[in-house]
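Colleague: Would you mind keeping the following structure in view while I ask a few things?
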């Protein structure tokens, strides 16, 4: 039940995020649908592949498919003047999708009695896989590899669910809300994990004058 | 039989289209073969994956493989002066591949008694999948997501075949020719589906004075 | 045994090469791990997919996974001043990974009694697949499609192993060293295979004077 709810939320959120990216790139209506569908189902397809479930199991999700098409149609028809802060909405729907699918992917792997490492990978891939495919098809650098904290929240979800620290439906919903919140805070306040750059330190100390 | 003919046509056309893109990007002879093979077999691989056929079934297509290698060798050796309008040829071979593989993919899915939605997806993916992989490997934006009508014709093919409105070999060949024609007309006359752009309307009304 | 040694060498080398690319692109620590893991296991995943082994067989490689994580942690912590020639190290670790995985992939396909064409494809894909995924995720043109000879060495390895011309462990190790050497020579001295470019010959014969 919780699983189904998270699937629906994640599918709608990712379908909309894909549609938004497609509209930002000025794709036509079919490009909008294709990128939305790929974003909504790409993460699950990659997860199925890696976890050993036939990818064709996706076809049993006919309802989700229709829900995604419906959501994208609404976005496509949405009055222009209501949509002023697209970047924000793109990031926000992506955050909802990330959270819903990371938890859903982790539950999926736990149900199949996979070890904790597989649960974490399932959380990361289901949560970020659709977005990766979306960004590559749109010629962008994948969000998951950009500056602000992203995959880390999926890892946290996989960890908590893999060790059965979060179990009950209401706990899962709280976790869902928390992960969305943490991701939104990450890109709003530009939270970053430590990085080490090895680019040559090009100090342009040229003095002109 | 029709199926085999379409497979051969599509494989040759996509192998050549991949080889042309590779030569445009100045890849060496091996890059030409790799990109041609990926384009010729990529769509079928993705379709098999999503429809639940083992991807390794591709290995039974030994003859097609040799046909593709042969076609690419001819293109690679082709006298330079005969090849003046490369872009046209690249687009045209891609159109043939799209049409042949969209029909072939749809027939494949119908034979496996998949529902109409799966037939349409199989048509779109088999028709455009190889080109998507080709364009991403060459660092280009996928043709299917660019401005002129592309995937729509594959959807039409999937629809007509899925509902068994087109059945007989001669009907399928007519459909094949029609789809090629419609795609050629699309990029020649820049036919477009409606799109909605949400890019900020950057009216540079700066007054410098 | 030889197979295991090559797996470990290839995994470490590709994990480090992915980590280096991630640091060049200024990804955070998690991006470094993700790109390293994808590079180390991507080639094997694609090979499994195409050769008909369940991709989920990757999960039995728990030790390799830990080895990869360990290697990347070392690279991430490595003192900055020791690492002055990153590009060289990135190319060199990629060469080691290419050689180890090309041979390992070919042995894998031979063990499954695949025909020679499948052995060669397995060598090429296992050797270059991880690097292709790494480069696409980092927004770069895949190394295998760039100017210097790359996939050709994997083909040679597949050919020699497929026809059982190289069999014994010590022969395989010599082949491994040779392929690394040939790849290093290729990018050092810019060895190239013939190519044919069809770009319009833009002779800028403008006379300014």
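Cβ coordinates are placed from backbone N, Cα and C, and glycine is handled just like the others.
Under the heading domain 'Glycine transporter', TrEMBL lists C:5-78, C:92-161. The transmembrane segment annotation in TrEMBL covers C:6-23, C:30-51, C:63-80, C:92-110, C:116-137, C:149-166, C:172-189.
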Colleague: State the residues, same chain only, that lie 6 or more residues beyond the ends of the transmembrane segment (C:172-189) and have a CB under 8 A from a CB inside it; answer 'none' if no residue qualifies.
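Modeller: Distant Cβ neighbours of the transmembrane segment (C:172-189) are 2, 6, 9, 91-92, 95-96, 98-100, 102-103, 107, 148-150, 153-154, 156-157, 160-161, 166.
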Colleague: Along the domain 'Glycine transporter' (C:92-161), what average pLDDT does this model show?
Modeller: 88
Colleague: Give me the stretch from C:30-51, C:92-110, C:149-166 with the greatest number of Cβ pairs under 8 Å to the transmembrane segment (C:116-137).
Modeller: C:30-51
Colleague: Would you kindly check C:63-80, C:92-110, C:149-166 and say which stretch has the most C-beta pairs under 8 angstroms to the transmembrane segment (C:30-51)?
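Modeller: Stretch with the highest Cβ contact count: C:63-80.
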Colleague: When secondary structure is assigned with DSSP, how many helix, strand and coil residues does the domain 'Glycine transporter' (C:92-161) contain?
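Modeller: Residue counts in helix, strand and coil order: 56 helix, 1 strand, 13 coil.
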Colleague: Reported in the order helix, strand, coil, what are the DSSP residue counts of the domain 'Glycine transporter' (C:5-78)?
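Modeller: Across the domain 'Glycine transporter' (C:5-78), the residues distribute as 65 helix, 1 strand, 8 coil.
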Colleague: What else in the chain is close to the transmembrane segment (C:63-80), if you only count residues 6 or more beyond its ends and a Cβ gap under 8 Å?
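Modeller: Same-chain contacts beyond the flanks: 7-8, 11-12, 15-16, 18-20, 23, 29, 32-33, 36-37, 40-41.
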